[in-house]
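Pulled from TrEMBL:
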| type | residues | note |
| --- | --- | --- |
| TRANSMEM | 75-99 | transmembrane segment |
| TRANSMEM | 105-127 | transmembrane segment |
| TRANSMEM | 139-163 | transmembrane segment |
| TRANSMEM | 175-199 | transmembrane segment |
| TRANSMEM | 211-235 | transmembrane segment |
| TRANSMEM | 310-331 | transmembrane segment |
| TRANSMEM | 398-421 | transmembrane segment |
Amino acid sequence: MAWGIGANDVANAFATSVGAGSLSLKWACVIAAVMEFLGAFLMGGSVTDTVRKKIIDTDVFDPVSDEGAANGPELLMTGFLVALLASTTWLIIATYLSLPVSTTHSVIGSLIGVGLAFRGGSAVVWISEGSGFSKLKGVVGVVLSWVISPVLSAVFAIIMFLLVRTLVLRRPEPFKAGLMFMPLFYGFTIAVTIFFIIYKGDKRFSLSKKLSVGVAIGIAIGGGAVIAILSWFLIVPLAKKNVDEDVVRMHGNVEVFDLKTERLFSWIQVFTAAFDAFAHGANDVANAIAPFSSIYQLYRNNGQISKQPVPLWILALGGVGIVAGLAMWGYRIIIAIGVKLTKLTPARGFSIEIGAAITVIIASRIGLPVSTTHCQVGATMGVGLIEFKKSTVNWKQFLFICIGWVFTVIFTGFLSAGLFATLTYSPSNFRVPQGDLNYCPGNRLFQFNEESNEFQGIGCSGF
């Protein structure tokens, strides 16, 4: 699973950098590997609630509940194993087809399939309890995010690029304007990244709960101000000395700006992508380690479902898997988003990354389960369409990607349901004691009837 995340999902961070010519594919893989591993190992210790409790009702498996006590934890362990198998299979297929899909939604689709196979619709959290945005944490929120996250990302990316184009790219002397605004862009990038880490980082630190929005914004602005000052004295003089005309040729349908000014943004873009990779490793590694960690902890805790810190060796295993997948197949998705979707330049790539990051922060705050893949693709399309020309984007590629988003949940759901049903309910040969036609070689499956206040047998697990 971690290998599949590295091969498919890590492209979110560096696809635009490669597509804009800011970074070679080789160096993109090296920097992404380092930052993803550090993010996964240092801040990836949370087992996200969305994976464990906001899609499937774990009470039907929990030994401390009425129904779960009868079913046993082995079924929950089987469900998590099946979720890993189904989502990993789909990620490998999608990556082979150069189709950027959501690893988060792959796991969610797999868990939906497990819930439907075990107890039907009642085991799946379709709409969360509560009011307002809290209702969007179930399956309904996942479906809505297919539309909401790309559109929001496109809007924020367009706004960011229009600001960059107005303040810098279309000025009479864009290179001087770029040098003047460069520290502000560095500071803004760091501020967004810090705010992103506070709300999407390791849940063990509970930064989003301990810090109010005002305090988080203050910390982010303070960090951004420090970086802006440092970049004015350190990076701007270096950029003024070393920037040259070595920029890739732009496509004819895309407005071409001053090449030296575009080169300035390549520095900022790589800087942004590196921190994006760190935050991605901290957050999305949970997609790989959460099911495995749950299986391991159920085994160690005699079937008790409890939240405990993820062992460091599991975090390291997830980090190594992500790096291996990125190194072997990561180029497929990097090319699919950064090259095939639309023509990118450093300024456009910088706007895309900022637009996607802002969308993820807002969605995280209100509890909407968005995918970083969807945000990145939506932001890329938004910037590509800013020229108001159909020929500036690859519509066939975009349609292919959208079909993959919908098919992700469907494929993983059906596959996991089939695997879980096969492992749980399939008949097997065993010796039946003479005269006992109700003999079960494994564990009986029970459902608690609230009306009669007693358990009712519904089958045999076969374990």
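Just so it is clear, glycine is given a Cβ too, placed from its N, Cα and C backbone atoms.
Through the fold, the transmembrane segment (175-199) approaches residues 43, 164, 167-168, 207-208, 211, 216-217, 219-221, 223-225, 227-229, 231-232, 235-236, 239-240, 243, 258, 260-261, 264-265, 268, 271-272, 275-276, 278-279, 282, 350, 354, 357-358, 360-361, 364-365 of its own chain, all at least 6 residues removed from its boundaries and within a Cβ separation under 8 Å.
At the 8 Å Cβ threshold, with sequence separation of at least 6, the transmembrane segment (105-127) comes into contact with the transmembrane segment (398-421) through 3 or more pairs. Counting Cβ pairs under 8 Å that are 6 or more residues apart, the transmembrane segment (75-99) and the transmembrane segment (398-421) reach 3 or more and are in contact. Listed by sequence, the residues of this chain that lie at least six past the ends of the transmembrane segment (398-421) yet keep a Cβ under 8 A from its Cβ atoms are 78-79, 82-83, 85-87, 89-90, 94, 97, 99-102, 105-114, 116-118, 142, 146, 336, 341, 371, 374, 377, 381.
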